[in-house]
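The annotation transmembrane segment is assigned in TrEMBL to A:107-130, A:374-396, A:430-449, A:469-492, A:518-537, A:778-801, A:828-845, A:865-885. Feature annotation from TrEMBL assigns domain 'MacB-like periplasmic core' to A:110-330. TrEMBL lists A:380-496, A:778-887 with the feature domain 'ABC3 transporter permease C-terminal'.
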């Protein structure tokens, strides 16, 4: 048969096209090339057949490799165009199926939804709180180079930077100190100020108001440049160019000038404070609550009216705090000459601005410092709620979706792979958690104001950007969505098709370890842990509130005076007339934060100690406080008492007796020399000597976190300067009493704002954080229980519905309600026992760590765990029993008819 | 023979260069390359056409079918404006490589040693 080129090419083309990689266009191209070569070979003298064979070989020596080359082009095209559209095509289907499923099982999904809303709400609340606490001072510019200076003196750390000459330091001395710091190489700027917390009377436009948090500075320009507070009116120059200028915050301006202060001529107005005239030179925005100090009125003064200042520096890049401290120490003779030679001075403390709130606990902090422990506790509790939410969802959706096996089976039959099944179930949980956002938003809007006022914070304030809030919202919602959907999705996605068509995946009450049981045990563990934590914290709080402090905490109320003995006497006589007042005294107030300790030594010995607190109380105060002393006859009759007498506490007495091998009798009348490092230049006398006049039982002057240390009380008769008047009272009508005291105060015509505080209040104030923690624990525990019980109810309901037939048959065979309920509860008892065994050691460890921060604390009793377990078992058994009862009461015939 | 890797790397710039002289078809391109390289570069149809397709997809070249007098069809390729730009880039890169190689290979061996020590 003659060779026909057309037929040969046709056959070859067919052969090419039989491979899926070769599209018709490609084949045409190869055919064209073949013809070109064929023609060339014919011209070269080959026969038709040979020409074709050679041309074919040249075009495609190996059909497979040719196809392989083309496949590279086609496969790349597939990758570019077909992956994403698949999700696009399927997404509406995923959503449609999700919505269908969500609406089909309304009750269970509503419970899932509710628990998601609550979980999200409280997790977000905790995140916002942690975010708030860790964002202190981060809004300043260049914070990494900004530091606050402090000093170590004796063995205590001071946040106040004292002046050479303390109160008496003139302006020049105060400025010399700050300038000497600024002159150190690599220190770019140094500024100082002091804020006065107690209210002071300020007059503007004949309007007299008491203003809290007054700030005085004599480095005005540097101060405003350093902190960069935003001026609404005026500017830094107007404040710094003239002495006795004043800057108000916006809300203070509103107090004095009314709501439309912005439209008034405020700048240039006179301001009167402490008989001194100031001129208003600006208004700034309010200080954010996340600043480590606060002020409402800044005054540019000649000298700061205090014994030291708050001192801040900005340094060059890459300078470590240790390096700065060593440079400051090396230049101490220029900064504060007497201090540089003092034995008691132990060096400078350099603290980054952003560390002050959470990582500082020095004497005289500006605001009560934050506590990391509380952030951890908060984090843990909200983590527990988050886990409960997620595990609730997981558990319930495994149970519910187990009946959707046929759906999954069908999907798989139509070609769905595991990833697509996973996406379907993830889409459902994501949809549910995203749907919860509007409700969570509303909930937070309602909850946050309450939370803010209770915790004294400003969550979601002006400082928090909306973007941040929303990113938290969506971030947490997505996280919960993904976490909750993950297990059910993976679990159902991996099942074999044949298994999926065999029916329900939930093992009906089997005895093996199932994921569902593991999750329930996990939930029980969390609940018992949280419950016992709450019980412990509140036990400790109760202990603190009722502990014997060594003095009568309800005895008196303090009133600010700050006047000399004459005014005090007048006031005292006035107040003593008021019915219900038992006595009036004065001296150092109790129930406060630790202050500076003093050095001392026992006469005729050389060892100097530096751990004593020295307080002054008039005889009346000692008596009112009911402090137990060894000299009651003197305390009772102040008229006959010596001018003053020093008594030492039990701790100091024991310390000296042990150290120097003395008896109590030998210790009496021995000399103690306070501040032996000081020598009077005129008389040559060393320190401040006194004789031990008696002893007193230890008192807890500070919070019970602090150990009782050695202490002197100087009991005295006639005060000279009286800062606080202590009024003893014996009445329950304190409101009326205080009104009368205030009237007496007014009579004195002092140029001061009246300020009073009950001793009991002061003491309570010391435990503010702890009390807040206690209440928050209770709140979060209740929420956690609620979430867990919701989950348990839903799960039990579902499982009992599945077992309707079993219950029906059992009833027919004679089982009574009690037996059936017992059967359903029994399953949980073992889980609960395991949960106790896991929760107890963990909680024990956590709570002991927290309690270690208290010098005086409760003993941890294991009984609490039993209580926690009982509470958990009671609540869960109640939920399970009620739900089971509902199913058990159904008529067996009906349930047996149901085709599942 | 030139290595597979070098063939792969040089295909695109060579194709762009050839097409910059005017439109051309597959078999002619293969012959052209063979002629210019004195037979050192031997492209196959199976290698060339997929590359041409890819380049067309990248908008560097465009193609059209032309019917010849004898009734057969042939596919002609043409460089696009984008292809011209790509060619300029390729030229710069190859020139740079060429420059380095020339510099290195034109020096006497002692100097070469110094370069490698540095």
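Quick reminder: no glycine exception, Cβ is built from N, Cα and C everywhere.
By number of Cβ pairs under 8 Å, the transmembrane segment (A:828-845) is matched best by A:518-537 from the list A:469-492, A:518-537, A:778-801. When Cβ distances are compared across the two stretches, the transmembrane segment (A:107-130) makes contact with the transmembrane segment (A:778-801), since 3 or more pairs at least 6 residues apart fall below 8 angstroms. Sequence-distant contacts of the transmembrane segment (A:430-449) (same chain, at least 6 residues past either end, Cβ-Cβ under 8 Å): 95, 98-99, 102, 109, 112-113, 116-117, 120-121, 124-125, 128, 393, 459-460, 473-474, 477-478, 480-482, 484-485. Counting residues per DSSP class in helix, strand and coil order gives 94 helix, 0 strand, 16 coil for the domain 'ABC3 transporter permease C-terminal' (A:778-887). Cβ atoms under 8 Å from those of the transmembrane segment (A:469-492) belong to residues 116, 119-120, 123-124, 127-128, 131, 386, 389-390, 393-394, 397-398, 401, 404-405, 408, 421-434, 436-437, 440-441, 460, 505, 515 of the same chain, restricted to positions at least 6 beyond its ends.
Look at the domain 'ABC3 transporter permease C-terminal' (A:380-496): DSSP puts its residues at 99 helix, 0 strand, 18 coil. For the domain 'MacB-like periplasmic core' (A:110-330), the model's average pLDDT works out to 92.
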